[in-house]
Every structure is written in structure tokens, then in C-alpha cells.
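Here the structure comes first, spelled out in C-alpha cells, and everything after it is commentary.
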Amino acid sequence: MAETNRTEVHVYEQVVILSSCVLSFFGSLLIICTFARWPDLRTTARKLLVYLSVTDLLSALSYFYGVLRSFNSDSGDCIAQGAISTFANTSSFFWTVAIAIYLYVFIVKSSQRQANNLVLYFHLISWGVPFGITVAALSLHKIGYDASEVSVGWCWVNLQAEDHVLWMLLTAKIWEFIAYVTLPVLYILIKIHINRAHAALSEYRPILTSSPVSHSPSSMADRKLTIIPIIFIVLRMWSTIRFLLLLTDSPAGHNPVLVTLHGIGNTFQGAANCIMFVLLTPSIRSRLVAQLCCRGHDKHWHSQSVSQNRASPYTPSHREENTSPQTWENNEGVTCT
């Protein structure tokens, strides 16, 4: 590709995207640290979130290096960075969908055993498929400099390759398109199940209907189930738009606003997960505040969480049973991640 076709990445774009990488790195790290710090949070669902955070952390590091270097040739570190980001980014798609599948089986099918049995397959697919694709792309010399036509300073699929569109699909886009469809469908089905369960419960406990809906735990859970796929789509859509613009040779793909949104969308996933499942989760946020402000309060929150977990159907030791939207949200910070 001629140098004149290179998408210029301005300094202010680099600063914004590097900041997004830093936020995503520390957001992913915070999710991992809270999991390691409090043993009662180590449920299967939160383990899946930790695996997702590992891929987001790796993505943030590789993208940070790529944006900082702003490659202009097929150098060795360009190829290495492209390979790492390809693996991490693709693996992130798989783990995001894996979490949705796990929650669907756990909540809608009401089978903890069946959901836990899927974890091994999640590992095999979410690590194995991206690794195999990345190794194949490296072996066939498909990863390299792309003149920021489908990136923002970092390296991905070399546009000099005749079949570069095929490899863009294999290394990211086809899995991204699948996630666009799968995530909304699964979370809508989960929401429908929770709403039905809540309606059925209200028939026998009319007092529940008089509680403030906007502040109820089930309402909080319902909003999160709505936001999860929306956040994914909003963050990832910009890279998809630029990919489609590349296929049509449209100059709109060079638009600085679109380029910046693409950079933020590809790098902010770890920070978004941290906001959703740490900072906006009352049980974990309270522990963090207590940890930072008064270490003595940590014991209180730990004992309180343990007592809540014993009464919740979302602890690993509880027998399989139908889910309640209220208990789902009460222990959401521990299990539904």
C-alpha cells in the first residue's frame, strides 16, 4: 500500500487512545485483584470475567505499544504486537459470548451443573481457536503493517496480502459479527426469564409490587442485562464501520472522529467491564471503599457477604433451582458477571 493512503493518526488521537488503554489496563487489573483479594467472590461466573479481563489487559498493553510506536513498516515489533493483539482481541470476543452462554444456562435453564460443565469447553474454544488462528496468520505472513486503514497506529492484517479481507474476517470480524447477534439474543432471553419469574413471584407476594421499582435489586439487574450487549456493540461498532468502509474504498474511513472512536472502542472494554462489575456493583464498591478508607471495615463486609451468600441461590454450594431476579441482583456483584 502506498504511503499516501496511510490514515494519519494525530497526536491528540494518540493521547486519547493511550488514555483509554491505561484505563482499560487498570480496570482489568482491578477486576483480577478483587477476585484474588476476596475468596468469597471466586465463583464460576466471576472466574469467567477474570479470564475475559486477562484478554482485555493483554489487548490494552499491545494496543498501547502499537499506538505509542505508530508503526509505518513491517518491523519485527509490529508483527509481534499485531499477533498479540489479534490473539487477545479474538479471545475477548469468545469469552464475552461464553459469559452470556453461561448465564443463560445458569439462569434460564436453572442448571448450575450444566453451566459449570461448559467451562472446560469455554477454555478450549476461547483460548484454542484464537491461538490457532494467530499461529496460522503468523505462519502465512498475514500479520503486519496496515497503514492504520483498519487500525489506529497498531498493526493487524497486512493489507498487501491479496486475501487480506479473508484474514480480517478470520482474525476478528467474523467473530465480532457473531457476537453482535448472539449477545443481544441471549441477554434478551435472560431478561424475559427474569421478568416472568418476578411476575410469578408477585402473584404470591403482592407486597413486592409496592416497592420502588426504580431502586429494586431486580430493576438494577434488568438494567445491567440491557446495558451489557449495548456497551459491547457501541464500543465495537466503529471498527466494524471502518472495516466496511475499507471494503468500499470510501475516504470516510479516514475521518478523525471515526478513527478516534475506533481507537477508544477497541481499547476501552476492560475499563467498561470494571465500571459495570466493580464500581457499579454495591457489594464490591463498598469493600473497596472500606479497604481504602478503613481497613477494619473489611471484616464487616466479608462477614455480611458470607451471610448473604448462604441465603442466595447463586452460591456454588446451593442446589439447582429456579432463579429469582431479586436474589440475582442481591448477589450480582459476586456471581453474575
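Each residue, glycine too, has its Cβ placed from N, Cα and C.
No curator has checked TrEMBL annotations; they are predicted automatically.
Lifted from TrEMBL, the feature list:
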- 13-281: domain 'G-protein coupled receptors family 2 profile 2' (DOMAIN)
- 15-36: transmembrane segment (TRANSMEM)
- 27-280: domain 'G-protein coupled receptors family 1 profile' (DOMAIN)
- 48-66: transmembrane segment (TRANSMEM)
- 86-107: transmembrane segment (TRANSMEM)
- 119-145: transmembrane segment (TRANSMEM)
- 165-190: transmembrane segment (TRANSMEM)
- 225-245: transmembrane segment (TRANSMEM)
- 257-280: transmembrane segment (TRANSMEM)
- 304-337: region 'Disordered' (REGION)
- 304-315: compositional bias 'Polar residues' (COMPBIAS)
- 323-337: compositional bias 'Polar residues' (COMPBIAS)
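Just going by CB pairs under 8 A, the stretch in 48-66, 86-107, 225-245, 257-280 that sits most against the transmembrane segment (119-145) is 86-107. Between the transmembrane segment (15-36) and the transmembrane segment (257-280), three or more CB pairs separated by 6 or more residues in sequence fall under 8 Å, so the two stretches touch. Between the transmembrane segment (257-280) and the stretches 48-66, 165-190, 225-245, Cβ pairs under 8 Å are most numerous for 225-245.
Sequence-distant neighbours of the transmembrane segment (48-66) (same chain, 6+ residues past either end, Cβ-Cβ under 8 Å): 17-18, 21-22, 24-25, 27-29, 31-32, 35, 77-78, 81-82, 84-85, 87-89, 91-92, 95-96, 98-99, 102, 119, 122-123, 126, 151, 153-155, 266-267, 269-270, 273, 277, 337. Beyond the transmembrane segment (86-107), the same-chain residues lying 6 or more positions past its ends with a Cβ under 8 Å from any Cβ of the stretch are 44-45, 48-49, 51-52, 55-56, 58-59, 62, 114-115, 118-119, 122, 125-127, 129-131, 133-134, 137, 143, 156, 171-172, 175-176, 178-179, 182-183, 186-187, 189-190, 193-194, 228-229, 232, 266, 269, 323, 328, 336-337. Confidence annotation: the domain 'G-protein coupled receptors family 2 profile 2' (13-281) carries a mean pLDDT of 87 in the model.
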